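Quick notes on the structure that follows.
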Amino acid sequence: MVSPVTVVKSEGPKLVPFFKATCVYFVLWLPSSSPSWVSALIKCLPIFCLWLFLLAHGFRFLLAHPSASLIFVGLVFSAVGDAFLIWQDHGYFEYGLLMFAVTHILYASAFGMRPLALRTGLVIAVLSVLCYALLYPGLSGAFTYLVGVYVALISFMGWRAMAGLRLVGAAWRWTELAAGSGALLFIISDLTIALNKFRFPVPYARALIMSTYYAAQMLIALSAVESREPVDDYRLSKSN
């Protein structure tokens, strides 16, 4: 296992562009009521930086670790989804929803099906049903089904991210902690979007949505650094 201190020292500098791009987004705070390609670029810029973060480990790293490759592709779909959501009030919300649905499928595939953790899955399933029940009165038309499918997919992704989480003992790995925390923040971000759009105005919704979203994507990208596959860790072998 790679220690958290080692992670901060080795990966922190590679994340500096991401933090700068995130600051640019919040400092500029371009109005969402006037969508443009500039606002789309500013919104997607932190995700582009996470592409570069993974690419900085080399194409050999991505090719050697399928989970890292899946997360990278998920980040690509996320950026496309972000761009669609810039124009969500112009009929592109469904396209953004589709892009992020694909993202969750890719992330869930990256996290894998071992261990199964059925009890964790059952708890998340109950919570997802409660969330959908909360949203249901505000849904109509195709959204009744689309949101239901999306809730199922993001809940499945969250289950797979949290299934391997161990906070104590020899089995503890920061990879699972990053993945589980990232998945939880992603769920909070998307639940805030849904509540704000379909149920009631959420105070400071945009700030809450984007801060949890960027943190979620960073943690999920960071979880790819230590391989989940049963092979020798690429970074360790590269440094030896």
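Including glycine, each Cβ sits where the backbone N, Cα and C put it.
What TrEMBL records for 37-56, 68-86, 92-109, 116-136, 142-162, 174-195, 207-225 is transmembrane segment.
Counting Cβ pairs closer than 8 Å and at least 6 residues apart in sequence, the transmembrane segment (142-162) and the transmembrane segment (37-56) reach fewer than three and form no contact. Between the transmembrane segment (92-109) and the stretches 37-56, 68-86, 207-225, the greatest number of Cβ pairs separated by less than 8 Å involves 68-86.
Contact check: the transmembrane segment (207-225) against the transmembrane segment (116-136) gives fewer than three Cβ pairs closer than 8 Å, residues 6 or more apart, which falls short of the contact criterion. Panel annotation: around the transmembrane segment (116-136), residues 144, 147-148, 151-152, 154-155, 158-159, 162-164, 191, 194-195, 198-199 of the same chain, lying at least six beyond its termini, place a Cβ under 8 Å from a Cβ of the stretch.
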